[in-house]
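Working notes for the structure below.
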């Protein structure tokens, strides 16, 4: 069984980006710049933002975190986004979700310049993904694809099952898996709460991707022997953090599996850095 180590892979990605940034920084005239907007004091969001700041520093990216009161108005938040859109030294804008009640997250995401939408959630970038055109890809599914590629695990010609249909993970991941390319070209089935005989669908998967937000939902009897299992879920339980997959028993059946934590979480942040550096290169012409 291969443990798909997202933490180590993400560290390698950061190191590669740092070398790239160091080599091009003089020509560009500045380092890449990422702006992170955090509204309110949600503890989990604060941890995520700190992790992103540390990762940026490792990769040679200058980050600015804008920590805004939960009492901010929609207009104030929109004005902040507009100001960051206008700044030449900012290559990427990330709006940390979820937003406090009363704020329209979709409207805010749509106000971010698509050329700075390094989270990949703007309708323009989602549309480009659907059409197979170049653009920023959502970070979590793109991180999943990078992890598969780094371990030379190609789903091409295989049956891939995606549990979950969210706009953040399930939908874009299904599109990426079914696209043309050496680490795509899968036959994809998307499952959700209304899927009949969900367990049987899972048992037929050569590649099983789980992103439903239910701790230890996928058990060993739902997994085809030798399948590759990617657990995107992270859930807080009384015993600590747990994924959507019952890791211990499933790891005895799968040929490769991601741990939680240390699997897809670090890869999500790594992809954010990849997108930011790509934006910087394009905007600076290097």
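For all residues, glycine too, the Cβ spot is worked out from N, Cα and C.
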| In Swiss-Prot, the NADP(+) site includes 164, 165, 166, 234. Which of 193, 251, 255 does it also list there? | 193
| field | Nonlocal neighbours by CB distance (under 8 Å) for residue 166 (NADP(+) binding site), same chain, sequence gap 6 or more | value | 211
| task | May I ask which residues of the same chain, at least 6 positions away in sequence, place their Cβ under 8 angstroms from the Cβ of residue 165 (NADP(+) binding site)? | result | 171, 174, 190, 192
| query | Considering all pairs of residues in 164, 165, 166, 193, 234, annotated in the record as contacting NADP(+), what is the maximal C-alpha distance expressed in whole angstrom? | reply | 18
